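Features reported for this protein in Swiss-Prot:
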SITE      Arg13  site 'Transition state stabilizer'
SITE      Lys20  site 'Transition state stabilizer'
SITE      Arg150  site 'Positions MEP for the nucleophilic attack'
SITE      Lys206  site 'Positions MEP for the nucleophilic attack'
Amino acid sequence: MHLLIAAAGSGRRMGADRNKLLLPLAGRPVIAWTIEAALRSERIEWIGIVGQEVDREAILAVLDEPSKPVHWIQGGSTRQESVLCGLAGLPEQARHVLIHDGARCLAEPKLFDRCAAVVEDGTALIAATPVSDTIKRVGSDGVIRDTPDRSELWAAQTPQGFAVDQLRRGHAEAVAQGWTVTDDASLYERLGWPVQVLDAGPANIKVTTPFDLTVAEAVLALRSAG
């Protein structure tokens, strides 16, 4: 299985002046935890890190004689463009790909393995977790419009996995139609292509705010304590 790690995050919501993936988490940069989990996965055989040139040296510095091929791929100005760049940077023999947010640094090796097994069996999927809160749809005036059925709501996460050829076709259609999507599953939805959810649990958070960093520190401490 080939893996693309989206690593072009900013530090704006962190109040930081650099890529949030380079902020310290339990003594190491956030991105180091993400890469380590991918390297420990039994099914991941090739890793592409998609990011901006300004972060290249710092991100690659976290690698210490990696056990698998790890390649740097120059990203675009948006996540959608960066995924396109990542797809272009895949080896010719790549048939399936997982795409993972570098900021989801609590993903464990077994999650990558579970996702890879489903994708290699021919099913597009996303890691996700059922929504536990009651969700309200609210208008621009701040007034509640309605309450979606919580039993049908899942919070999308990563990894997200697809057949490479089909994902490339989807992105080509998005470019032709001028579509903007926030993840690849949304692209599949527009095209009417099925995507399965795989329950990854609530710990697979995306580190975006200082509070998220605190939560991630606590989770890592619990895992370390065994």
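Cβ from N, Cα, C; glycine included.
Overlay of Swiss-Prot feature records on the structure.
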{"residue": "Lys20", "record": "site 'Transition state stabilizer'", "DSSP (3 states)": "helix"}
{"residue": "Arg150", "record": "site 'Positions MEP for the nucleophilic attack'", "DSSP (3 states)": "helix"}
{"residue": "Lys206", "record": "site 'Positions MEP for the nucleophilic attack'", "DSSP (3 states)": "coil"}
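Within 10 Å of its Cβ, the residue among the recorded sites Lys20, Arg150, Lys206 with the fewest other Cβ atoms is Arg150.
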